[in-house]
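Enquirer: This structure is in structure tokens; I'll ask about it shortly.
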Amino acid sequence: MSKEVSEEGKTHHGKDYVDPPPAPLLDMGELKSWSFYRALIAEFIATLLFLYVTVATVIGHKKQTGPCDGVGLLGIAWAFGGMIFVLVYCTAGISGGHINPAVTFGLFLARKVSLVRALGYMIAQCLGAICGVGFVKAFMKTPYNTLGGGANTVADGYSKGTALGAEIIGTFVLVYTVFSATDPKRSARDSHIPVLAPLPIGFAVFMVHLATIPITGTGINPARSFGAAVIYNNEKAWDDQWIFWVGPFLGALAAAAYHQYILRASAIKALGSFRSNATN
């Protein structure tokens with residue numbers, strides 16, 4: 001997209017931002033870089049902290065018996081959204097602040113990260129999630145074991161198809177927000193206000209939780225669902241686990257395609273470039 005400025009009868013064409021080059025599909029050189037392993041550590045710790053705070057909030061809420069006790073659904077949604085805001089702000093400059101395999105998958109499809117980095121991030125995120133929920137169980141063992149362990153399952157009264165649809169749409173909202181908040185044009189314009197990228201991402205997580213907690217407990221993050229399932233180790237949590245991988249990955253795929261090929265018209269630009277080269 002070009003920026004046109006007319007001044008004194010002259011028209012100047014030029015971008016006020018630079019599109020980063022696409023990441024290589026397979027960059028084995030990253031395995032020799034300390035910055036790659038530093039990013040893996042950042043993703044591991046961020047996901048650990050995310051799961052610890054959020055699952056502890058869920059268990060603490062369920063532990064209360066009075067109708068006005070605990071933080072309620074609104075407080076749980078704030079815990080998830082608020083932690084994403086904080087952790088993305090803290091880690092964006094190191095790893096990009098993904099904290100979610102679905103986000104990593106979407107960015108990989110858009111050629112923002114290489115396959116090596118994407119796989120490394122997903123492994124680090126899942127391990128961090130397991131450790132984070134493990135800390136919750138260690139500190140709150142009795143309520144953790146009796147109150148669902150913070151695991152994602154399909155709620156009574158909802159079909160698996162409905163739950164899958166909720167996860168697809170919820171993850172679409174999140175990943176679409178990530179693409180929009182980190183768009184090079186927006187980043188160039190808002191670079192003097194560093195909180196403007198993490199804020200809408202955290203708020204998107206908050207809003208999606210309000211909508212989907214009654215259906216699935218809100219996954220939209222395969223690492224979050226996997227970590228809780230591993231530590232809680234409940235049959236229903238494992239039976240429903242596929243929903244919290246397939247749904248988020250399909251949602252991320254749809255968001256990446258929508259942003260890259262419709263909003264940013266990457267396919268049309270590539271076709272135009274091909275035609276231009278063919279005529280020269």
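Backbone N, Cα and C define each Cβ position, glycine as well.
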Enquirer: Among Ser95, Ser191, Ser276, which is annotated phosphoserine in Swiss-Prot?
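Expert: Looking at Swiss-Prot, the phosphoserine feature maps to Ser276.
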Enquirer: Do Thr142 and Arg264 sit on the same side of the membrane in Swiss-Prot?
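Expert: Going by what Swiss-Prot records, Arg264 is on the opposite face of the membrane from Thr142.
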Enquirer: Which one of Ser33, Ser159, Ser180, Ser273 shows up in Swiss-Prot with the note phosphoserine?
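Expert: Going through Ser33, Ser159, Ser180, Ser273 one by one, Swiss-Prot flags Ser273 as phosphoserine.
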Enquirer: Using DSSP, how many residues in the topological domain 'Cytoplasmic' (91-118) fall into helix, strand and coil?
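Expert: Here the numbers are 14 helix, 0 strand, 14 coil.
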Enquirer: Under 8 Å, at least 3 Cβ pairs, sequence separation 6 or more: does that hold for the transmembrane segment (161-181) versus the transmembrane segment (243-263)?
Expert: yes
Enquirer: Among 39-59, 70-90, 119-139, 243-263, which stretch has the highest count of C-beta pairs below 8 Å with the transmembrane segment (193-213)?
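Expert: Comparing 39-59, 70-90, 119-139, 243-263: 70-90 has the most Cβ pairs near the transmembrane segment (193-213).
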Enquirer: Is the transmembrane segment (39-59) packed against any residues at least 6 beyond its ends, judged by a Cβ distance under 8 Å, and which are they?
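Expert: Apart from its flanks, the transmembrane segment (39-59) reaches 71, 75-76, 79-80, 83-84, 87, 90-91, 94-99, 117, 120-121, 124-129, 131-133, 135-136, 139-140, 143-144, 147-150, 223-224, 227-228.
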Enquirer: Across the topological domain 'Extracellular' (140-160), what is the average pLDDT of the model, as a whole number?
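Expert: Result for the topological domain 'Extracellular' (140-160): average pLDDT 95.
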